[in-house]
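The following block contains the structure, expressed as structure tokens.
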Amino acid sequence: MGDTTNTTLEIKFPLDTTEETTTTLSIAELTHVVENIQSNSDTFFLIIMGTIIFFMQCGFAFLEAGAVRSKNTTNILIKNILDVFIAGIAYWLVGYALAFGEGNSFCGENMWATVGLSEDKLAFWFFQFVFAATAATIVSGSMAERCNFHAYLIYSVILTAIVYPIVSHWAWSGDGWLASEGSAYQDFAGSGVVHLTGGIAALVGAVILGPRHGRFDSDSPDIRGHSVPLAALGGFILLFGFLAFNGGSQASISQPGDAGAVARAIVNTVISGSFGGITSLIIYRTGVCGVSNTWSFLMALNGALAGMVAICAGCNVMPIWGSCVTGIVAGMLFITIHTLLDKLKVDDPLDAVAVHMGGGLWGLVAVALFQDGGIVFGGSGKVLAWNIAGALAIMAWAGGLCIIMFGTLRLVGWLRVPIEMEIQGMDILKHGEPAYPAGSWEEKQYYNKLAANYQQQHNDNDTNSSDRNNYLPPNMSVPKGVGLGGVSWSPPPNNYQPPNPQQQHNSSGPYPPQYYYQPQYSSTGAMYWTLPDQRNNKQHNNKNKNDKDRHHHYYYRQHSPPRYPPQHPNEDPPTQAATAPSIPRTYSRDSEEGQQGHQGKDSKGQRSPAYSNEAFERDSQ
């Protein structure tokens, strides 16, 4: 074919129904226009997909917040937002250069702080940055509620600047040894690179850090999060984000076959996640984990996430039925690791190890088995061999560095918070920002009116009785002092009357009956607390009340939480916790449900109530 550089084309662009414009382009100019369109469309694709993946940080934040106790909610939220900030700085300065800079088979050696990075690569930088932030977030969940904040800052920097970037260089850059010519390693969206790296770091961190205080005690083996709805919201966001996580890994939309690969990746992600969630739900329902007759939302959610993690490696090349099998096995593997970690007394509040390490390992095997031309179709085992070698290398690299890092932090005493802080919670003591502040129940603009009503009802001159909300639940009372044993003391309600100081303790409990508050209900149905001798006996003994109400009052009289003896205003609060009575875990107006609540179940037999009263206990462990 002859030289077509100077060949021209005449193209007409209709502007409206009556006017046309004509332009003449050479073949070279037309090629340049097409290349610009392709480049711009790929850039736009990466930005959109990266932005959706960035939103997964919100999902991780809600999921982790719901899975921890309310006293540590602010702590886990600030860790999740700092994952983004720290990853942004560390990956910009160091991480991207190690991952995608030109260098050797182990790591990159240029483009530090993006110096020398062309403008058309900035979208790719952003896409890889959100992957790095995801890998770091996995670890924060497994070490929740007892990790020192300084230790978190250190390991977050190391993970996003060194550990993850070098693994991604091995597999996804043109120079890495797992991506070199002759290598058959296959990991499309990061079952190994992202999830196995984060999962093994989470396992090492949880083991070296140790379980939460009381987590594996025989009398209280389970420590639940405080909000299933928060965890559910986070879970739905993550399920949504995984569609972009896997579909966006194509990194292009302008070349032939790109659209089909993206569509297959997204569909396989949905199918694998669905089968993973259903499998986990059914297996858990059978009771093989020690809990029978329960349909657990959290198990179904984590099983679905494990299925989506497992399909990452081969979502672009698997037939649909292959993703079904991948999801089923991922759900089974998740339940197995979840149960095994409990047996080994490894405390992982988020099941991050079971979801990400278990799902990531299985994903590297599944792609070799079920991809088009894989072992199931009579193909060779080369991909399987390389993927196993890659998995072992990732575990050795990430696990080895984390052993050194977490081990050093533990030796110098920086890894774990003191036991007093763990019992009290880190929201107030560490951050000064409780997620659910009791002060939000108190409104100063109502004080005068409350005081006037109180004085009118009780015909006294107690003008200080208006400084607290009568309807404040006892488990949300504001701590007035913290004892050496980690026990918070809170003031009594407005209507408390000091007992006779000469009265002796009786055999009914560690304190006289006057110290045990009883519930009352206002005309609007709001509950407040009084002492037994202050109840309206005429109303309380009304014979017209039905049996259920009478049993309800009896139930609360027997199970209402005792409060610590109030001190003189000029005296310090109690400092010893040895005689502090335990506080019931849940309360219910229905007596049958209430009894089940003390066994950790609701009226439906579910394992976890949506809002656990246990989350407010300051000294339950």
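Including glycine, each Cβ sits where the backbone N, Cα and C put it.
Bear in mind that the values here come from a model prediction, so they are computed numbers and not experimental data.
TrEMBL feature annotations, pasted as is:
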type	residues	note
COMPBIAS	490-501	compositional bias 'Pro residues'
COMPBIAS	502-517	compositional bias 'Low complexity'
DOMAIN	45-436	domain 'Ammonium transporter AmtB-like'
REGION	457-517	region 'Disordered'
REGION	556-621	region 'Disordered'
TRANSMEM	44-63	transmembrane segment
TRANSMEM	84-102	transmembrane segment
TRANSMEM	122-140	transmembrane segment
TRANSMEM	152-172	transmembrane segment
TRANSMEM	192-211	transmembrane segment
TRANSMEM	223-245	transmembrane segment
TRANSMEM	265-284	transmembrane segment
TRANSMEM	296-314	transmembrane segment
TRANSMEM	320-341	transmembrane segment
TRANSMEM	353-371	transmembrane segment
TRANSMEM	383-406	transmembrane segment
Honestly, do the transmembrane segment (383-406) and the transmembrane segment (192-211) touch, with at least three Cβ pairs under 8 Å and pairs 6 or more apart in sequence?
yes
Mean pLDDT over the domain 'Ammonium transporter AmtB-like' (45-436): what is the value?
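Mean model confidence (pLDDT) across the domain 'Ammonium transporter AmtB-like' (45-436) is 94.
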Below 8 angstroms Cβ to Cβ, which residues of this chain, lying six or more residues outside the transmembrane segment (265-284), approach it?
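Contacts with the transmembrane segment (265-284): 188-189, 239, 242-243, 246-247, 249-250, 291, 294-296, 299-308, 310-311, 314-316, 318, 320, 322-324, 326-328, 330-332, 334-335.
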Which sequence positions outside the transmembrane segment (320-341), separated from its termini by at least 6 residues, show Cβ-Cβ distances below 8 Å to it?
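Here the qualifying positions are 267-269, 271-280, 283-284, 288-290, 299, 302-303, 306-307, 309-311, 314, 348, 351, 353-355, 357-359, 362-363, 366, 369-371, 376.
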Based on Cβ pairs under 8 Å, which of the stretches 84-102, 122-140, 192-211, 223-245, 353-371 lies most in contact with the transmembrane segment (44-63)?
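The stretch with the most contacts is 223-245.
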Under 8 Å between C-beta atoms and at least six residues away from its ends: which parts of the chain pack against the transmembrane segment (296-314)?
67, 186-192, 194-195, 228, 231-232, 235, 238-239, 242, 245-246, 249, 268-269, 272-281, 284-285, 322-323, 326-327, 329-331, 333-335, 338, 351, 354-356, 358-360, 362-364, 366-367, 370-371, 387, 606-608
The transmembrane segment (122-140): which same-chain residues, six or more beyond its ends, come within Cβ distance under 8 Å?
42-43, 46-47, 49-50, 53-54, 56-57, 60, 64, 76, 79-80, 83-84, 86-88, 91-92, 95-96, 99-100, 114, 147, 152, 155-156, 159-160, 164-165, 168, 190, 194-195, 197-199, 201-202, 205, 245, 248, 251, 352, 356
Can you see whether the transmembrane segment (192-211) and the transmembrane segment (84-102) are touching - at least 3 CB pairs under 8 angstroms, only pairs 6 or more apart in sequence?
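Checked: the transmembrane segment (192-211) vs the transmembrane segment (84-102), no contact.
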Spell out yes or no: are there three or more C-beta pairs under 8 angstroms between the transmembrane segment (152-172) and the transmembrane segment (84-102), with each pair 6 or more apart in sequence?
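Yes, the transmembrane segment (152-172) and the transmembrane segment (84-102) are in contact.
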